[in-house]
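The domain 'Protein kinase' annotation in TrEMBL covers 1-76. As annotated by TrEMBL, active site, proton acceptor applies to 8. As annotated by TrEMBL, SUMO2 cross-link applies to 10. The annotation ATP binding site is assigned in TrEMBL to 30.
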């Protein structure tokens, strides 16, 4: 199955709820720009939070996305 790419991860889309000191829930919100599978030629999201390889037009044409880095960003 193709992964779903959020395209707009930024602080205002990360929802944190503290229920108890040892019970914290983190959720990702605003999936309005999300798509199935990464497309390195697409630019969308908030400019301040774009990855450098997406922001730089030259790098975007040959962008290589590391799934481990993406997973780390989502898991945070």
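Just so it is clear, glycine is given a Cβ too, placed from its N, Cα and C backbone atoms.
Keep in mind that what you see is a predicted model, and the values were worked out from it rather than measured.
Across all of the domain 'Protein kinase' (1-76), the predicted model scores a mean pLDDT of 71. Under a cutoff of 8 A between CB atoms, and with a sequence separation of 6+ in the same chain, the neighbours of the residue listed as 'ATP binding site' are 8, 12, 13. The Cβ neighbour count for the residue listed as 'SUMO2 cross-link', using a 10 Å radius and every protein chain shown, is 13. All protein chains considered, the CB of residue 8 (active site, proton acceptor) has 19 other CB atoms within 10 Å.
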